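According to TrEMBL:
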DOMAIN    7-365  domain 'Kinesin motor'
BINDING   G88, Q89, T90, G91, S92, G93, K94, T95  ATP binding site
COILED    380-453  coiled coil
COILED    477-504  coiled coil
REGION    550-597  region 'Disordered'
COMPBIAS  565-577  compositional bias 'Basic and acidic residues'
COMPBIAS  587-597  compositional bias 'Acidic residues'
COILED    617-647  coiled coil
Amino acid sequence: MAGDESSVRVAVRIRPQTPSEVVDGCGVCARAGGEAGDGGIALGSERAFTFDYAFEPSATQEAVYETCVRKLVEAALDGYNATVLAYGQTGSGKTYTMGSGWEGEGDGDEFRRGIIPRAIRDLFAGAEQRAEAARAQGNLPPEFSVQAQFIELYNEDIVDLLDPAKDPFAKGALRITEDGCGGVRVVGASMRAVRGVHDALGALHAGALARTTAATNMNSSSSRSHAVFTLLLRQRRLATDQDTVDRDAEADTPEQYETLTAKFHFVDLAGSERLKRTGATGERAREGISINCGLLALGNVISALGDKSRKVLHVPYRDSKLTRLLQDSLGGNSNTVMIACVSPSDRDFMETLNTLKYANRARNIKNRCVVNQDLTSRTINQLRHEVARLQMELAEYKQGKRIVSENGEEGWSDVVQENAILTSEVESLRRRVKAMQDTIEQLSARNSELLAEKALAAWAPRDSSPDATDCSLTTLVQGYVSEIEDLRAQLMEANALYEASRKREARTRHDSVHDPNSILDDAKRELYKEKELLARSMGELEFQRKLATQVSEGGEGGEGEVEEDTRPIGERERAEGESAGDSEPSDHDDDDEGSDDERVDAIEAETAGQRILTAQLAALSEDIDTKARLIEQLEASQRRLAALRTHYEQRLDTLHHQIKATGEERDKVLATLGTLARCES
């Protein structure tokens with residue numbers, strides 16, 4: 001997967017002056033120019049720097065977070081690594097800005113909340129929002145899991161702040177290694193699973209209490225180590241690019257999932273310091289030397305990565321454990337923001353200048369950011385794209401767009417090439433039509449001007465000079481001419497629409513030219529005949545039903561009287577013959593049994609015939625209803641066509657009258673102008 005190259009963004013935050021600096025009468029030497037997005041920093045009266053963001057001492061914690069870090073949280077939810085790096089001298093406000101010294105929050109502490117607590121809240125809130133959005137769309141929500149790690153680098157030794165009792169000097173306790181994706185990780189450091197904001201803040205609080213701090217002349221609670229708080233975000237979600245494959249092809253295939261991981265590093269570096277100013281001795285001095293050595297190695301890495309000449313072939317990541325820990329963040333796979341905290345007081349001029357130079361070099365570092373997707377998901381994603389491409393090629397072969405020559409070479413068919421040529425010709429013709437339309441508009445305007453001048457020349461006095469013609473008259477006449485031309489254009493358009501409508505109407509009745517309503521009349525006559533046929537069939541069916549009922553009643557009742565013998569002639573003769581043979585008892589019994597069987601068979605045959613006839617009548621009735629609806633639609637279409645024809649005829653009459661009235665008005669105005677001109681002469 002291709003990566004996106006991005007520069008390390010640098011923000012500079014100027015802290016307010018401390019009460020001791022105000023009491024000592026220190027002046028202000030560093031100022032931020034313009035808004036926070038301008039990024040201008042003025043140091044003294046001669047030096048100026050430009051960064052991505054710059055914050056005045058009055059800038060709030062929320063403003064710093066929203067401007068610099070909020071986008072990194074969104075990127076982490078999409079599977080990108082992120083790093084926030086705080087750098088500066090001792091006492092410049094790094095820990096306050098990062099919020100790594102968090103000690104709990106009350107009702108009034110929201111204003112003082114640093115970057116880490118805000119990022120934790122937004123990270124879990126963003127995960128919940130994405131889950132709710134997936135549920136709203138009817139999809140399975142992504143599954144999120146977060147783990148926290150908090151370590152510090154004290155005197156070049158890695159200490160696990162979440163398990164401070166662990167011996168850092170034990171064999172294989174804590175060491176830095178590379179993972180399978182080219183990144184780095186700390187083996188042996190505890191990873192605490194956090195299920196919400198409260199758990200994550202609890203891990204931050206526990207690590208902050210175990211961090212090494214001490215007092216110096218420049219800061220009463222100076223951090224004596226580099227601290228790295230890491231959140232490892234893992235999510236399992238539906239593959240976002242499944243819609244690129246044909247939905248019909250995916251109808252029977254299971255849903256594909258992908259697993260994304262993201263590391264969010266919050267790095268609170270120890271402050272750079274000069275032993276002369278801090279007054280550190282003994283253990284504090286050794287800590288300061290170790291801190292400065294780590295920052296020096298970090299500066300060498302930044303200088304090597306930010307070298308614009310590209311002459312540096314080696315980046316000294318292994319010179320320090322700090323630079324090894326930040327190998328992903330600087331020049332690696334991470335979106336990185338460095339926040340340089342500086343003091344505005346003139347007595348810290350040199351420290352502020354060094355910090356600004358340090359941060360300015362970091363702006364030249366280029367990182368290459370890619371989504372951290374597991375190997376299986378990445379392979380499935382690549383195979384899915386390959387299947388989509390092959391399916392497209394197969395469809396092109398089936399459609400005849402692609403062909404294979406006798407030599408086995410693939411290529412496009414003549415039809416596709418011809419279509420490409422015709423498409424280019426169509427685009428060329430469209431451009432020509434657009435140019436011709438512009439030319440026509442210009443010529444129409446020029447024609448209006450010439451017609452106006454001609455009309456004025458015909459009505460103006462012959463002995464008058466051209467300068468005597470009033471410009472307002474020219475404008476008036478030109479307006480009349482333009483209006484007439486517009487009305488003529490509308491008239492031509494209306495005529496074209498009317499002709500098109502008339503042709504469509506003629507096509508609908510092409511079978512009968514002389515009688516416009518012949519088709520509708522024929523349909524009505526056919527419908528009337530079918531209705532008569534249906535009525536006769538219904539009568540015949542009803543008659544047969546009555547006959548069958550009487551026959552069945554006669555068979556059951558024996559000698560019951562029948563008012564009218566409606567049976568067919570053959571049946572009546574057969575019945576009379578049977579009654580005449582009543583004098584022979586034995587033959588009568590046999591014939592009576594045979595006649596009963598024949599009667600049952602006749603009734604069953606009659607019933608089957610009735611069912612067939614009923615089904616035919618139902619189909620005929622449905623056909624009649626369909627034709628009736630079609631006739632109603634045809635009548636409605638004729639009414640609409642008649643209304644449309646009337647509308648166009650009225651429109652044509654109106655345009656003719658407007659053209660005539662405009663022409664008469666123009667002639668009247670010109671005649672009046674000519675009369676006035678002759679009277680004045």
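Cβ coordinates come from backbone N, Cα and C, glycine included.
Cβ-based neighbour count (10 Å, all protein chains) for Q89 (ATP binding site) stands at 24. Neighbour density for G88 (ATP binding site): within 10 A of its CB lie 26 other CB atoms from the protein chains shown.
A simple Cβ count within 10 Å picks out one of the binding-site residues G91, G93 as the most packed, and that one is G91.
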